[in-house]
Structures are given as structure tokens and as C-alpha cells.
Amino acid sequence: MTAILERRESENLWGRFCNWITSTENRLYIGWFGVLMIPTLLTATSVFIIAFIAAPPVDIDGIREPVSGSLLYGNNIISGAIIPTSAAIGLHFYPIWEAASVDEWLYNGGPYELIVLHFLLGVACYMGREWELSFRLGMRPWIAVAYSAPVAAATAVFLIYPIGQGSFSDGMPLGISGTFNFMIVFQAEHNILMHPFHMLGVAGVFGGSLFSAMHGSLVTSSLIRETTENESANEGYRFGQEEETYNIVAAHGYFGRLIFQYASFNNSRSLHFFLAAWPVVGIWFTALGISTMAFNLNGFNFNQSVVDSQGRVINTWADIINRANLGMEVMHERNAHNFPLDLAAIEAPATNG
């Protein structure tokens, strides 16, 4: 009898826990994805803060030349970064217990791998939590679908690209100037500016900014007057009110006359779908582009593609970009190799005598 009562009590405790986890009445929804999201994101955030402040220099290139990234080792907010895991580690799983000591783990950039893997798990669970909350509230699932774009982008630069290049040392550093360095080296090695998927991503981000500004300014300019001149126009809206707060017909008429009739949406639902879909699809393509360039399927190469009747090269903008790429490639990891791959692949000219 005692055993039965204990089992019922434990089942009741588990049931209450399940109800609490999945309750939409909590101030912040947890959900089953949140059970994994909370510890992973807390771990990633805590280690990032500690490492950004105090981590010792990391031998990123695996050539016994440590690079300092933390504030206590001479950096500021702009130059500081979590330095990627050493090329000596490659793609090996490198938790603390795999190193001979904590000093060795820090020297080889163990915190970067710890942060990145926990962060990617955390943001993936955040996306799942968005879907889970939408499901429990009877909403459609498109919030999580939209969030999949930045998740895909983060996964591309922190996981897919290192896998394709064979080492976590090629991942994006976790810092401002480190991100810029990653972008410059990526251009030098993969010619990303000439990749059509990157072009679609630029159109997505810049176009999304333009459409967001256009939509916001049109709505703000066609608000239905509910206030006097001495009050803020924002006071004319009450949360949850049934009537429209702006005149979509006026906005449609204005924009249709500014450009042409069919450039303006006359359906609020299709308009907002477009505003969401445009940047999301663009960022999807960018993430896909990073993932293909990870395996060296690079941007277009139009170098020396125009010649005159005598066979002499007429430089185009592609040749100017190529020269810049070579310059950037020569400068990065300058002590890890003598020549960039593009130059090393060219046969040395024959000499007489």
C-alpha cells in the first residue's frame, strides 16, 4: 500500500512539472524546448563573458604564435574577441576533460568550441520553443520559420564552414573586429562578393530595410486622427481596439500614385507576408552560399576574361577585385604559410642559364 501511494505521489509530481513546463499562463513560456534552451544559452553566455574578459591568448593557427583576444590581455570592446579553437585541434571534439590541463585547454581555444556548440543548440531550441508556443496558442507556425533564417546563418559560419574547411580555427571569431577579419578573409579565399547567393542575401537585407521603412512611414503618415495637436499621436491607439488605427486605403492610394497602382498592396495579409518573406528568403540564400563556399564552391571567376585582338588582357572590375583578393590573402595568417594558395599553384617561370 505504501509503494502504491509513493508511486502515485511521484506521478502527480511529474504531472505537475509537465503542466508547469507547458503552461501558457507563465510570465515567460518555458516549454520542452526551453528545458534544453535555458542551460545551453546560460552556459554559452557565461563562458563568453568570462572568456571575453579574462581568457589568455590562443594559438589559433597551431604554430605556437598565440593571439590575444580578451580585455585583460590588452584588447578593448572593438578589438576583443573569443579566439577560435586552434588549428592543432581541427574538428576534434575538445571538452575540458580532453585536455591535459585547463591551461592547455585555454591555450588551444577550448572556450570557443564550448560557446559555439552550446549557442547553436540554444538558438535551435529557441526556434523550437517559438513553434511550441505558437502550437499551444493555436497560432500558425511562421514565427519559427522566419527565425530559421538567422539560425541557418549562425550555423553556417560557426559549424558548416569549419566542417568544410577542416578546422574550427576557420570559424568566425566572437567579436567585432574578429567578424570583420572573417569577412575579409572569406572574400579573399572564396570571392563571396561574386557569389549569386550572397547577392540575394544583400537584396534581402537591404530590401527588407527599405520595405520596413516604407511600410512604417506609410502607416505613420496615414494614421486616423484621434488626438488633438497638443497630444502625442500615439495616444490615439488603445491596445486591443477593434477598429483600424490607420487608413490602408489612403496609404494604398498614395503609394499607387507615387509609383504605379500595382506596386502597392491592397491586401494587408499579403503585404505582411511579403515583409516577412523577403529578408528571410534572402538570408536563407546567404546561409546556403556560405555552406557551399565552405566546401570551396566559390563565387564567379571572371579574371582575365576580356582580351584584345592581340591576346592582351583588358582588365575589368573582376580583375581589380582579384588583385584585392590576392592582397588580402597574402596578409592573413602571414606566418602560417609563405604564399597564398592562388600564388603557390602557379608554376614558377623558367629561367635561362
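Using N, Cα and C of the backbone, Cβ positions are placed for all residues, glycine too.
Quinone is bound by S264, F265 in Swiss-Prot, and the record lists one more residue there from H198, H215, which is H215. Swiss-Prot lists transmembrane segment for one of the ranges 87-108, 197-218, namely 197-218. Annotation: stretch 274-288 has the most Cβ pairs under 8 Å to the transmembrane segment (197-218), among 29-46, 118-133, 142-156, 274-288. Excluding H215, S264, F265 themselves, the residues of that chain whose CB lies within 8 A of the CB mean position for the quinone site are, in sequence, M214, L218, A251, H252, F255, L271.
The two recorded residues, F265 (quinone binding site) and Y126 (pheophytin a binding site), show a Cα separation of 32 Å. Relative to the transmembrane segment (274-288), the listed stretch 142-156 leads the set 29-46, 118-133, 142-156 in CB pairs under 8 A. Counting other C-beta atoms within 10 Å of each candidate's C-beta, the recorded positions Y126, Y161, F265 are led by Y161. A separation of roughly 15 Å, to the nearest angstrom, links the Cα atoms of Y161 (site 'Tyrosine radical intermediate') and H198 (chlorophyll a PD1 binding site). On the backbone, the CA of H198 (chlorophyll a PD1 binding site) and the CA of S264 (quinone binding site) stand 28 Å apart.
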